[in-house]
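Below is one structure, written out as structure tokens, with a few remarks after it.
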């Protein structure tokens, strides 16, 4: 219960009053929280302060008195973020962006004084800044910074450290996605022919035959391959450089292993066994399906420069063709052949089939063959 208690005078002779009140329960633990403040002055001053607090709690505008800086708060939040996430790449990226952009630019500001203006200015500066290698920060990176900051400030609101989230009043830069076009039937045929003999031929075949993201393939391990049941289980690591469906992704899914994919995986296992034998004790076996010659993870830049672009050139395809085109080719081929969008959505790992429909509906054939027309007619009028 709220209360006011005399605490005598301090060394400077100032009259002190202790006020106690109860905060909303902790949003994470559900436990009760009590707060105490020292008020200097008369009892009326203490009563006035307690009244302000209770009104603020009733209206939802109360904030805990704090001199925390953005740097101090973000450091605390980052510890919780790291505890809540298991993926090392996700944690590493978040730590880098928080420390090098949010804390670096806003850290000196007191959390209670942080305003939309500061955040808007941060995004503007980030869009003009460059990474260590001189490459400009991408719009996607700035949006990721916004996502992290907004999440952190939402927690600050829940903890009554600030009355509102200033990031909610700032729009991050719009993401203008470059359209990734699927390969045509002719292009797909030329690509597969050009990939023959390449060290990553099997990677390309599996990508085309599963619709998996590059990151999922580079993190694929042999225990996710079930040759007996002819299935593959993919885990979305969200760390590739492809067009992200972050809001619509399932983290884990099992899909059927089609015959050509199985053939490619068995060939990959044989190829890997030979490389292990050749490398001897230098081979670092991480159980990866697709690794370099000594077992370490494949480098995306090497994939592009040493294998992807040479294959595109050999196939007579544009060099700006994205690896993600294989995923789109898988999806559009299935849809054009009449596979239900819901099934395609599940194999792609989308949470919502509506997202899949929105992205690929224009590939659904308007015409059907005569046999299919007769089957549908029978369903409607004869069954």
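Each residue, glycine too, has its Cβ placed from N, Cα and C.
Caution: TrEMBL annotation is automatic and unverified by curators.
What TrEMBL records for 72-157 is domain 'Core-binding (CB)'. Annotation comment: TrEMBL describes 178-375 as domain 'Tyr recombinase'.
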Overall pLDDT for the domain 'Tyr recombinase' (178-375), taken as the rounded mean: 89
Secondary structure composition of the domain 'Core-binding (CB)' (72-157) [DSSP: H/G/I, E/B, coil]: 67 helix, 3 strand, 16 coil
